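**Q** Feature table excerpt (Swiss-Prot):
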type     : residues : note
DOMAIN   : 40-222   : domain 'FAD-binding PCMH-type'
CARBOHYD : Asn95    : N-linked glycosylation site
CARBOHYD : Asn358   : N-linked glycosylation site
Amino acid sequence: MATLPQKDPGYIVIDVNAGTPDKPDPRLPSMKQGFNRRWIGTNIDFVYVVYTPQGACTALDRAMEKCSPGTVRIVSGGHCYEDFVFDECVKAIINVTGLVESGYDDDRGYFVSSGDTNWGSFKTLFRDHGRVLPGGSCYSVGLGGHIVGGGDGILARLHGLPVDWLSGVEVVVKPVLTEDSVLKYVHKDSEGDDGDLFWAHTGGGGGNFGIITKYYFKDLPMSPRGVIASNLHFSWDGFTRDALQDLLTKYFKLARCDWKNTVGKFQIFHQAAEEFVMYLYTSYSNDAEREVAQDRHYHLEADIEQIYKTCEPTKALGGHAGWAPFPVRPRKRHTSKTSYIHDETMDYPFYALTETINGSGPNQRGKYKSAYMIKDFPDLQIDVIWKYLTEVPDGLTSAEMKDALLQVDMFGGEIHNVAWDATAVAQRKYIIKLQYQTYWQEEDKDAVNLKWIRDFYEEMYEPYGGVPDPNTQVESGKGVFEGCYFNYPDVDLNNWKNGKYGALELYFLGNLNRLIKAKKLWDPNEIFTNKQSIPTKSLKEYKQTK
């Protein structure tokens with residue numbers, strides 16, 4: 001088993017082929033597979049585990065002495081939905097999970113390291129400074145997903161995206177193959193090529209331009225004091241298509257309101273699960289805001305119950321964690337003047353709420369798709385949702401559909417107050433983000449599960465060319481959608497038009513060309529590449545080479 005050498009270069013290297021059958025390295029199965037059990041790096045020869053930023057430089061140089069561009073991948077949390085890290089092409093992995101330093105720099109501000117997870121950084125920022133990143137909730141997802149991937153979460157309506165607060169990054173780049181890698185610090189005020197490199201990290205995705213080692217924030221929002229949380233379960237028994245439309249209409253109306261501290265997660269599980277669930281969260285910072293939040297939830301719940309009476313919580317539902325269900329019957333804390341909050345409604349200190357909702361779900365085989373929505377669902381889409389969440393496809397049983405769902409996340413608010421080109425995240429009009437999900441256990445069920453989610457998605461967007469194209473004019477109007485979310489990658493989008501350029505257009509809209517410019521400057525040899533990585537050629541240049 002590999003150990004740190006006497007002269008520590010800031011990394012260790014694990015030679016996959018050095019073990020023997022009777023004494024295999026116990027780390028290798030974990031080092032060669034991501035969270036999605038569909039993806040395994042079957043041809044990996046070396047794993048470099050880095051512990052210092054300079055070690056990341058050296059590890060990249062050593063890897064490139066043995067491997068060709070495009071066969072070295074970076075891993076942190078390992079939650080990538082597609083095989084962008086673990087596929088048959090990868091020969092070397094640079095694992096940055098040893099980079100976990102965090103703190104405060106007098107010149108650069110708060111910083112967290114790229115090897116840390118959402119939960120690790122939350123504990124540090126909250127414990128030491130009372131600050132938070134307004135990112136997602138899945139505890140084991142690496143910071144690349146929550147920051148450079150354009151992540152968002154329950155505080156995004158109130159504070160915007162994490163990239164809106166990003167002020168600097170420390171990143172290893174290797175623009176010249178024959179020269180040593182360089183550790184650079186670039187920031188919001190950087191100009192020229194350095195400015196393009198910083199901007200590319202404000203949502204341009206991890207593993208595209210170099211190896212990120214640290215993220216810096218000149219300032220961060222203060223943590224809320226607490227959160228009022230409603231956990232509303234609905235039975236499929238007796239539920240109708242029209243009731244679903246009414247419920248979604250109310251949900252969209254709430255998303256358009258001015259209550260930036262209120263956010264929702266609506267997980268519509270397949271009928272086979274027998275129930276589905278809506279979570280509503282309102283954060284507060286003082287007693288006055290707390291009473292307003294409690295009163296708001298009382299009226300929201302009463303309004304929703306006019307459509308359908310909530311049922312008792314029964315069990316934690318499966319799936320890749322968004323904001324995971326609460327435990328059954330947590331202890332209530334009624335300390336306000338009112339006492340009419342439902343049993344499913346809780347008053348949590350912010351730290352406790354974050355602990356409650358930060359699950360990542362079980363490691364399964366999975367497939368995902370996404371869409372940003374500016375307007376309500378057209379009637380035709382309600383019909384499609386009802387069809388695919390109530391019918392059991394050929395080749396699957398009802399029991400095997402229990403972990404299939406459409407997740408409807410509420411956003412807007414401060415996200416809207418940033419220009420589309422201020423960061424690489426161009427989507428600044430959306431109020432809802434959809435995540436289509438399905439999960440299963442066995443490889444022999446891959447094809448039928450993939451067919452179900454692909455058919456669902458294509459039928460949802462059939463009038464728009466099979467994808468949520470922002471530019472397609474139909475009877476319901478233009479601008480219903482704002483493309484797709486890069487952090488929920490979907491290789492099927494490469495089949496839409498112009499290969500991966502079409503997919504990247506849906507992810508980055510008008511920001512794609514500037515990302516291509518940064519790629520050409522800082523990774524011209526495409527060391528870092530995958531099925532949907534940023535290319536070095538524009539679409540016009542690409543077509544000229546075909």
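Glycine is treated like the rest: Cβ placed from N, Cα and C.
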**Q** By a simple count, how many Cβ atoms lie within 10 Å of the Cβ of Asn358 (N-linked glycosylation site), its own Cβ left out?
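**A** Around the Cβ of Asn358 (N-linked glycosylation site), 21 other Cβ atoms lie within 10 Å.
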**Q** Give me the count of other Cβ atoms within 10 A of the Cβ belonging to Asn95 (N-linked glycosylation site).
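**A** Taking every protein chain into account, the count is 22.
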**Q** How far is it from Asn358 (N-linked glycosylation site) to Asn95 (N-linked glycosylation site), counting Cα to Cα, in Å?
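**A** Given the Cα positions, Asn358 (N-linked glycosylation site) is 23 Å from Asn95 (N-linked glycosylation site).
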**Q** Helix, strand or coil: which one is Asn95 (N-linked glycosylation site) in, per DSSP?
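**A** Once the DSSP labels are grouped into three classes, Asn95 (N-linked glycosylation site) ends up as strand.
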